[in-house]
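Colleague: Found this in Swiss-Prot, in case it helps:
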| type | residues | note |
| --- | --- | --- |
| BINDING | G63, P64, P65, G66, I67, G68, K69, T70 | ATP binding site |
Amino acid sequence: MAIPWVEKYRPKTFEEIVNQEEAKYTLASWICAKFKAPREFCTRWAKKKDKEIVEAKAVLLAGPPGIGKTTIVHALAREIKYELIELNASDVRTGERIKQVVGRGLREASLFGYEGKLVLFDEVDGLHVKEDLGGLETIVEIIEIAKVPVIMTANNPYDPKFRPLRDIALVINLKRLSEDDVVEVLRRICANEGAKCEEEALRSIAKSSLGDLRAAINDLQMYLSSGKKILTVDDIKRVGERNPQLSMFEILDRVYRARWFDEARAISFNPSFDWEQYFLWALETIPTVYKDLELMAIAYDRLSKADMFLGRIKKTQEWELLPYALELSLGGISQVKNKPRLPPFIKYGFPQRLLLLAKSKEARRRREALVEYLAQNLHVSKSFVKSELIYVLSAIAKKDHSIIDRLSKALGINALDIKNLLL
């Protein structure tokens, strides 16, 4: 069986990692400031002395899939001769299990002359706080007491539930690789495999990978399977290109960084694009991207016009208006006049409206159940209960609280639920 090329051509040293210089300098500076590391390595890579770097208890590598987050940790461990204790947080989820695996790894003696140990929690954003009992808390505990380097990786560490990790870790953002970066790696692999690959074919693979080098290498291996030694653009067209799934953070980033109107508009064709969710996110991220008040006003004006189209669609079901709403909310907010040069990384916040809805989900569920119960027992419609009855009962209850107990006894409903509904 052929070795997967993503493993065969995985970078072994810092030098081999493509176009992540800033991340490499920051990570090396943290390691060299706090732990034992070879002098040659520190001289070459430890370029920073920031207080934030020196005081950080751990490192959290952030960025989209396939850009080298795990690879950079493997290369680091090899460079400084540390034994790597690797845990995928998506697989080992409970606090007890994490303690067992990490504890065993730290207790066991290192073989082969390692200088120390390094703990890697891969894909920590795969933890779901409620389901994965104690997983997040255990990782925080380990970081607080560990005398060895602890590094984590995540595609999206900015979910509010991961705040405890961000508070104690140095967040290092790895950037998405450019099309040229990916093509250069693919070209080198083709040469090593003795394959003749058309430049246009490699560019097609790189373009559809959206900076995910792992995906691009996997695609190249697929196209050159069965000993095939020639790759043309016709081969790509015949098999078909990758249509990647994008997170909302990635969708927003592509919209704001689009170079022209059609590039931003085309994002709506991605299978993971949800226009209702996107609208909520766009509403709150405009001030994050455009600091200038004039640019902010232009973007919000276009988004408000898109909202008018969406309101009309919901009211009249005229779905032929949706393209106009998408053009305004995608290309409209992306292509503003005198658009500034955007920084390499933008921290997009989770929409507060969605957070509030999540927090009030149980209260809304109980309210809806109570409305339905009242409608059935009083032989009226739910809309009548919501639009009229609740307001009448609420007005009475504010003057006479005893009505809550009387309603509770008459209808067999918890008095606290009635109170929450009316007051």
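Note that Cβ sites are derived from N, Cα and C of the backbone, with glycine treated the same way.
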Colleague: Which chain neighbours of the ATP site, leaving out G63, P64, P65, G66, I67, G68, K69, T70, have a Cβ atom within 8 Å of the mean position of the site's Cβ atoms?
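Modeller: My list of surrounding residues reads T153, N155, L174, D212, L213, R214.
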Colleague: I'd like the number of other C-beta atoms within 10 A of the C-beta of G68 (ATP binding site), please.
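Modeller: Counting Cβ neighbours of G68 (ATP binding site) within 10 Å gives 24.
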Colleague: Of these binding-site residues, G63, P65, I67, which scores lowest on Cβ atoms within 10 Å?
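Modeller: Lowest Cβ count within 10 Å among the binding-site residues (G63, P65, I67) is P65.
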Colleague: For P64, G66, listed as binding-site residues, tell me which one has the smallest number of other Cβ atoms within 10 Å.
Modeller: P64
Colleague: Look up G63 (ATP binding site) in the DSSP assignment and reduce it to helix, strand or coil.
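Modeller: Reduced to three states, the DSSP call for G63 (ATP binding site) is coil.
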Colleague: Give the sequence-ordered list of residues that share a chain with T70 (ATP binding site), lie 6 or more positions from it, and have CB atoms under 8 Å from its CB.
Modeller: L120, D122, T153
